[in-house]
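Pulled from TrEMBL, these are the features on record:
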- 43-294: domain 'G-protein coupled receptors family 1 profile' (DOMAIN)
- 27-50: transmembrane segment (TRANSMEM)
- 62-80: transmembrane segment (TRANSMEM)
- 142-165: transmembrane segment (TRANSMEM)
- 209-228: transmembrane segment (TRANSMEM)
- 240-262: transmembrane segment (TRANSMEM)
- 274-294: transmembrane segment (TRANSMEM)
Amino acid sequence: MPPFNLTSLMPATFILAGIPGMEKLHIWISIPFCSMYLAALLGNAVVLFVIRTERSLHQPMYLFLSMLAIADLMLSTTTVPKMLALFWFSAGEISFGACLTQMFFLHFSFSAESVILLAMAFDRFVAICYPLRYAAVLTPSAVVKTGLVALLRSFCIIFPCIFLLKRLPFCGHNVIPHTYCEHMGIARLACADISINILYGLAVPVAAIVVDVVLIAVSYILILLALFRLPSRTARLKAFNTCVSHVCVILLFYIPAFFTVLTHRFGQEIPHHVHILLANLYVLFPPLLNPVVYGVRTQQIKKKVVKVFICPKNHLLQE
């Protein structure tokens, strides 16, 4: 009996199949996807530029927003360029290492964004419930430490997935019925027991996200209780208005995420191409809409955008 060749069980490349059953529509699907991606790049770049150049926005709330913009850029840029190459040029081939790298940064940015949203909820909690202590609690050092915690927690949660996948034999199976690499999509190709991958991939990241959601919910319950204690209706509306943008961003981030998880878990009757389309829209919608929500709802950012991009043009015209 010939010796067992382990190297043959590790594929050199994977093939991303795109959206199964909709291959003829890839070009047409790529048009809105590319448009949304370019708009997301522009919107988040404008947010980062305005916060970077305007010293009056160097406050915890806006520094957390800049972290959110960076996470959004990572989330979309990790997946969309390869997705568009697949749609336009049928370039579905991706090396095993590149696939694991894409998987890591996809899940990493998702986890980091969840921590940042939790930090933003805590920021609003302190600002409304303990306004006199706001500057003492949310110092520049605290903001930096929060960013490091987001990076460290996300790394510790997602990095083991790489080893869980590298230990699996694949026996020549290398076609991923998706537009990008994600943990379970790769694991399902293995010709071995993947129960550990299923358990870890579902329990650990979901538990971390659920903890974030619970803490965010607690923060807003305490915020609402504090708002009801304010003396005037005008004061209540003004305080709550500072939270509206963050609440919208939370809903944009978590509702599609939980819907996607639930449909994968319990929606066996939903066509596979619908799952893939939802997964693609998920990496595009939050990066696209978050800058819009904050740009429209936050007066400080709106004024600074006008100051940076509109006023200089008017000044040049006057000259």
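Cβ from N, Cα, C; glycine included.
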Beyond the flanks of the transmembrane segment (27-50) by 6 or more, those residues with Cβ under 8 Å of it: 19, 57, 65-66, 69-70, 72-73, 76-77, 80, 83-84, 87-88, 280, 284-285, 287-288, 290-292, 294-295, 301, 304-305, 308-309
For the transmembrane segment (274-294), sequence-distant contacts whose Cβ falls under 8 Å of one of its Cβ atoms, 6 or more beyond its ends: 18-20, 33, 36-37, 39-40, 43-44, 46-47, 65, 68-69, 72-73, 75-76, 78-80, 83, 106, 113, 177-180, 182, 245, 248-249, 252-253, 256-257, 259-260, 263-264, 267, 301
